[in-house]
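Reviewing the structure listed below.
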Amino acid sequence: MTLSRSSADDSTNNANRSYSAVAGTDNKRKRDEDSSDYVGVAESLEMLKKQEIDADHMAASAQQTLISWRSGENSRSLSSSGECSSSNRPESTRLQIFVRMMSGGKTIVIHAEKYDTVEKLHQRIEWKTKIPALEQRVIYKGKQLQRENSLTYYSIEQDASLQLVARMQSTEHPVAWQTIDDIMYTISRMYKGENLQSNINEKIVTFFAMIPVESDESIAKYLNIFSNSSVPAALVMLYASSLERNKSCAKSSVKLFLSNCVALPKNQKNYCLPIVLEFCKLLRKVCPDQKLYVTCRNTLGSMLETFDNPHGVYNDQYETFGVEIFPFFTELTGLLLNELAQNSGPSFCDFQKVSSFWQQLRKVIELKVAFPIPIVLPMQSTALEAEIRHLHRLFGSLLTTMDLCMCRVESSLADKEVGNSETMSSSWSQYLSILKIINSMSNIYQGAKGQLAVMLNKNKVSFSALVVKFAKRGDDHQWIFEYKEATNFEARRHLAMLLFPDVKEDFEEMHEMLIDRSNLLSESFEYIVGASPEALHGGLFMEFKNEEATGPGVLREWFYLVCQEIFNPKNTLFLRSADDFRRFSPNPASKVDPLHPDFFEFTGRVIALALMHKVQVGVLFDRVFFLQLAGLKISLEDIKDTDRIMYNSCKQILEMDPEFFDSNAGLGLTFVLETEELGKRDTIELCPDGKLKAVNSKNRKQYVDLLIERRFATPILEQVKQFSRGFTDMLSHSVPPRSFFKRLYLEDLDGMLRGGENPISIDDWKAHTEYNGFKETDRQIDWFWKILKKMTEEEQRSILFFWTSNKFVPVEGFRGLSSKLYIYRLYEANDRLPLSHTCFYRLCIPRYPTITLMEQRLRLIAQDHVSSSFGKW
């Protein structure tokens, strides 16, 4: 009879199992971190609805089965003494219990006796779900069932619904567990249709308030309670409910959770990121078109911006992290492409979302892809293979779309009828940042960087315009210098100038200088070297002793005059280039002066300050000097304009027929350099035992390289170092010393220090001049321009200097000056000399009665000693 009873039990259980769903695997999957068995919430919701119906049928079927079984049982006599004690109890003690996993909406049916212990219930669940009993927690009406108590202790009745969740390995946070249990219980009741006054938000606030601060490990364990208890899935399930009150409650709770995450300190926020990512994945499957999903995705993006502990948070699952965020990056890139195609943006916020996902995705690729980067496509089987192929397609789409955008920019720049610049700027504002992401992508694929270079070179005008308009101080512009050839002078100058701090116009913070013209160099040295970099960043207030004039015009004059003194060969600091007297390089012999290091540091500061204040001082650097400032190697071609004789000799050595060269014993050359300094001749070995090492056709390239280095670089190494130190003092903090010069070509620096190479255009000068007290048609104005055209270029520059304290015109011409020029009528004697107010670019002349008298007066002030002393302010 016992055997017969057992068979009946088994058949009943088997029948019931045929209707029940398999549950309890999701939390175990989370503990095992096995994402491959993930079941989407959308599918789970459908399963849940079906299971509710199945459960009803199952309950009726089970009840009928039990009635039939009990009828048969009543007709039998139970004779076996080995039957379990429950067989002697009344049949009414038999319970049918529904056990549900909230994360997946799955339900199983368990049969038990009222007086069975909770431990027995755990064993039955283990038998059905394969989840170890020790890893289970069963919740009923918000309370966890303790294993030693009976089911009747908790008043569990027929068809009761219990909730199965995974037991955490640690019980360090019982209050947090209770808080989460309360949340899950409330969600369960609301989902069943109960109209409750929700306390979920209050519980979420409580949960966040208890996050530990002791260590990353304790933070991770604590926050895992939230995800391992399936709260994200439960809230999303509630949000997908057809009841508006449920949807509203879930929406409020999710948004509260997100805002609390964002407000956390960085280390705690890092460990919240996997939970936010889980919310995003769930919402994307259930409601991708609703605002809550967009809010969640945006929150994830903002958290990714500061996420810098991937290995601590994801351990060995970092590759999985990359796979999980890739769909969001793809989605956002698609939106970005659409906005670009429509010429409607994107906005900074839209771009920032794409950028934050890309930065993390790039790190994953660099760390996890087994192949060397750049990658050659197609690849063999590797991590992230599908994502890398898809990413390459996105790169192509972005490159093509930005090509079209750049063409539109160039067309707009050429179209004078285009709307105001602010409207244009709003639609172009993120183009440069998007190009930066495209460049970052191009580093991953072989040949991609060349494709980007072709596109930028093709769109040089628009690319340069974007750099000038949108490259801002403090941004990372280093990537642009990989495409230096795709930029023009204005773009490169703009990028270099961004390395300087803003010139402040606050008179209270200006560094004041009162200098005697007769002692210009030494007094200027004391004022500049004795000041801190911060004081000089605050601006300069310049005044010459016994003169009334002050202001920007006087400052421009001082810059010009002090640079003329510094680079005067009589002062032995610098030497003129043999082939171009406008160019200078440090004098190797200057080291005999004990003050020479300080004077080169002073020179570096003065040149940097002149560039900061956009004053053309009229000196040019020798190419060799410029290359050393940029930290670049000097080649043979670089000395062509520095020492033509040595250049020709070295070139002849390198181009000579190898057999002829060797047959003539390398012209008798050895690895030495003959020098003469301060009348003393010396022989310097270019390498160890250089006197004994003969030059031949195989080592002549090495000989020339060493010769150039020893002849041009080594002798002025200390001077270059001191100049760089002074120059770097004037740059913004944390800017590498050589970065300014690396951003430029030598010709760019020429334009910044001396202005345009072309002769002054009188027509351009006239076009940028306005009149006060005169009309353009007055004969005095006509005479003025005729006289100016007759003057030599040096006389014209002297007039310009008297007028503006600028002796050189910017590369762009007169439009490059900070203001238009003005001719004012002087209401005094009609034969007096002109006056000027250099700060305001204002020239004052009387109404001269004859052209001859005007020419006399203008030629008088065109003399250097006059043009430097007649201006007022």
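Heads up, the Cβ atoms here are built off N, Cα and C, so glycines get one too.
Now, the feature entries from Swiss-Prot:
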| type | residues | note |
| --- | --- | --- |
| ACT_SITE | Cys839 | active site, glycyl thioester intermediate |
| COMPBIAS | 1-19 | compositional bias 'Polar residues' |
| DOMAIN | 95-171 | domain 'Ubiquitin-like' |
| DOMAIN | 272-296 | domain 'C-type lectin' |
| DOMAIN | 532-873 | domain 'HECT' |
| REGION | 1-37 | region 'Disordered' |
| REGION | 70-90 | region 'Disordered' |
(request) Using a 10 Å cut-off, grab the number of neighbouring Cβ atoms around the Cβ of Cys839 (active site, glycyl thioester intermediate), all chains included. (result) 20
(request) Please indicate, using numbers and ranges, the residues of the same chain that are 6 or more beyond the domain 'C-type lectin' (272-296) and have a C-beta under 8 Å from a C-beta there. (result) 40-42, 45, 223, 226-227, 232-233, 235-236, 239-240, 251, 254-255, 257-258, 261, 264, 303-304, 307, 313-314, 321, 324-325, 327-328
(message) For the domain 'C-type lectin' (272-296), how many residues does DSSP put in helix, in strand and in coil?
(response) 21 helix, 0 strand, 4 coil
(request) Mind looking up the mean pLDDT for the domain 'Ubiquitin-like' (95-171) in the predicted model? (result) 83
(request) Pull the DSSP breakdown for the domain 'Ubiquitin-like' (95-171) and write it out as helix, strand, coil residue counts. (result) 18 helix, 30 strand, 29 coil
(message) DSSP secondary structure for Cys839 (active site, glycyl thioester intermediate), reduced to helix/strand/coil, please.
(response) helix
